[in-house]
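Right, one structure below, let's go through it.
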């Protein structure tokens, strides 16, 4: 029995300690000047248990200084004129425009006082009446970071416009005026949001359509090399200006180029049929001139061979004279 009594005595001692601590906290709460704050602090201290003990709640104070970079500072309580340590993690409602949690110097703040390892600390820091804190002027704003959601916004509206347009197409039996308005609104919105995607197809179409037409005109106009000179220049223009579109144009041009080459060959044959006769006559005259010049000093055989055509030429002249 004596051993059981001894074992029961040690657990009886610890409850006395919290009673003393509660007694010590009472003057602190009563000294704060808030009659309702005392019992509120005691009731909140009981559930806190392992957490930090709450000394006072909803205390107003003025920020003495706050370092945004290090993320801590001190608040001077308006009731007891004591300095309370504040960490940036204790700020409950931060300014939504600020990127970091902070408190401005000289700002009036509402907070709860909690016992920390080295003294009183602030917790649940907000503005007076639960309003978000203004924050330090040295803290970075989020204005620069708002541009990204603004850029993402138009595509969402763009999708909504498509949905509205689809719903308008389904309701074709309705009035014609709203359909006309929807049709008028579509191109404007499409042009605003994705201008680059709309410009490229319009820029591509004339490039594919124009060159073959111009090539045909050049073929019909000149039989020389003007058409051939114009084509490689255009290809170089396409290659230099838009290298990605090299594969597209040649596929469309191959059949036309083949047809153009056939036309050129036909034209070349026609020109050859017209041009070679004068060139042959000229060559014959040259050969006739060369042949009589060479044989005189060398052999008489060649002169004999050259004489019969002269005789033959005189014979038709005589025949022409007889006919006259």
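The count begins at 1 with the first shown residue.
Cβ coordinates are placed from backbone N, Cα and C, and glycine is handled just like the others.
Residues or ranges marked as compositional bias 'Gly residues' in Swiss-Prot: 30-41.
Per-residue pLDDT, averaged along the domain 'CSD' (58-128), amounts to 91 for this model. If you look up Swiss-Prot, you'll see 58-128 marked as domain 'CSD'.
According to Swiss-Prot, the region 'C5-methylcytosine binding' annotation covers 65-70. Shown for the region 'C5-methylcytosine binding' (65-70): DSSP residue counts in helix, strand and coil, namely 0 helix, 3 strand, 3 coil.
The C-beta environment of residue 65 (site 'Important for C5-methylcytosine-recognition'), restricted to residues of the same chain at least 6 apart in sequence and closer than 8 Å, consists of 73, 74, 105. Among the features that Swiss-Prot reports, site 'Important for C5-methylcytosine-recognition' is placed at 65, with the record citing similarity to another entry.
Feature annotation from Swiss-Prot assigns ubiquitin cross-link to 137. Residue 137 (ubiquitin cross-link) falls within neither a helix nor a strand when secondary structure is assigned with DSSP, and so counts as coil. Counting only residues at least six positions away in the same chain, the Cβ atoms of 104 sit under 8 Å from the Cβ of residue 137 (ubiquitin cross-link).
Per Swiss-Prot, compositional bias 'Low complexity' is recorded for 155-166 (among others).
Residues annotated as phosphotyrosine in Swiss-Prot, with similarity to another entry given as evidence: 162.
The compositional bias 'Low complexity' annotation in Swiss-Prot covers 194-208 (among others).
Sequence-remote contacts of a segment are chain residues at least 6 beyond its ends whose Cβ falls under 8 Å from one of its Cβ atoms, and for the region 'C5-methylcytosine binding' (65-70) they are 86, 100, 102-105, 136, 138-139.
Taking DSSP states H, G and I as helix and E and B as strand, the domain 'CSD' (58-128) has 3 helix, 38 strand, 30 coil.
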